[in-house]
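K.L.:
Structure below; questions to follow.
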Amino acid sequence: MYENIDALAVVRSTSPDEPITLLRPHAATRAARFFVEKFQGKSLYAVKANPSPALLELLWDAGITHYDVASLGEVRLVNKFLPDAKLCFMHPVKSERAIAQAYHNHGVRTFSLDSHEELQKIVRATKGATDLELCVRIRVSSEHAKLSLASKFGADPSEVADLLVATRQVADALGICFHVGSQAMSPAAFAEAMGHVRAAIVKASVTVDIVDVGGGFPSVYPGMEPPDLESYFDVIHTMFEDLPISYSAELWCEPGRALCAEYASLLVRVEKRRGRELYINDGAYGSLFDAAHVGWRFPVTLLRSNTAIGTQMAEFSFYGPTCDDMDYMAGPFILPDDIKAGDYIEVGMLGAYGCAMRTEFNGFGETETIIVEDAPMATLYGDVRDNDAVHRPMRTSTSHQ
Ligand SMILES: Cc1ncc(COP(=O)(O)O)c(C=O)c1O
């Protein structure tokens, strides 16, 4: 890994044959500081969004001390790189072996659950431990989110009161958690979910020590421009203050995307142009899973030193490098109309879920990593146009869509 000033400088100095992941540590640090300073509670980083050790260490240095892990692999990973971090095992369905190892070998005390069966597993695997923090996950709507998390997990409203009472009997600290779905486009998602938390507490009449509002905090992508994050925090803080819970109850959240989307982008080369289709050297099985499978439109920029001023922009779709027809990203991605084979494109905002889902299918997928100092293509943590003016002077043709 080496450092360079910005994406265009990387193209000029290396003309890479393979895709390159560009990392912006400063962007992840800024996001983490924002949560640490403005969210009035604990922010747990959802490791699944990007488990890179370098990122984990950056977030730790920026003040993120709690980590939401979903598998024994993530438990081991965070334990290895951040031995003093607090780990919260927030996958509601775990194997007994994973629970036992997390508890006995890695010091995990916090677990989520959404059924009586899971509660029994936790009790058996921890041998009836009395120091558990157990968070009951309730099912809430994903209607404000771009990616639903409403079907798979979460106790049904009709079962929640019973489960809270049963969990209270074995937990040292009792929590309620939920997930409003990823990329929630309105603070109303959290307001509605907090309404369900209130109703559950009232119905079960239990003392609740932790309210965990989960992830779902958005980032910014073409066609998805959410309100500012503080408006989400305001709704959560106000509704938390109003809950019938003990005065010492803690507020938690579990951001994944919002902490790391701006951390990474990808430099790809156009290998072929067919009309308005560009064949690029990364795709559905690489860092662009969401672009292919859920039609996510990431921001794109042509990285070329000498595009003529006034070049028309046009809509393109992408094919990835594998032999598979499904390796296709419809976009549309807006780029200069004269783009051709040999040109380089930066695809932005891939720090969350993009880098984490890369495979080596068909022999592709190897990428070098370079740290750059310029601004991410978009940000929820400041004025992106100011950042561009200051940090991206070398671009002659940009399309932030
Ligand atoms: C339990 C849990 N917490 C947090 C997250 C992170 O969500 P996001 O990246 O939308 O913030 C997820 C994502 O799937 C999750 O399942």
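Backbone N, Cα and C atoms are what each Cβ position is placed from, and that goes for glycine too.
Fair warning: this is a prediction, and the values are worked out from it, not measured in the lab.
Residues or ranges marked as active site, proton donor in TrEMBL: CYS323. Residues or ranges marked as domain 'Orn/DAP/Arg decarboxylase 2 N-terminal' by TrEMBL: 38-261. The domain 'Orn/DAP/Arg decarboxylase 2 C-terminal' feature in TrEMBL is assigned to 262-347. What TrEMBL records for LYS48 is N6-(pyridoxal phosphate)lysine.
Looking at the shown structure, can you explain where the listed features end up?
P.N.:
Residue environment of CYS323 (active site, proton donor) contains 8 other Cβ atoms, counted within 10 Å of its Cβ in all protein chains.
The C-beta environment of LYS48 (N6-(pyridoxal phosphate)lysine), restricted to residues of the same chain at least 6 apart in sequence and closer than 8 Å, consists of ASP68, ALA70, GLU74, GLY256, ALA356.
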K.L.:
Give the residue counts of the domain 'Orn/DAP/Arg decarboxylase 2 C-terminal' (262-347) per reduced DSSP state, in the order helix, strand, coil.
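P.N.:
Summed over the domain 'Orn/DAP/Arg decarboxylase 2 C-terminal' (262-347), the classes give 7 helix, 39 strand, 40 coil.
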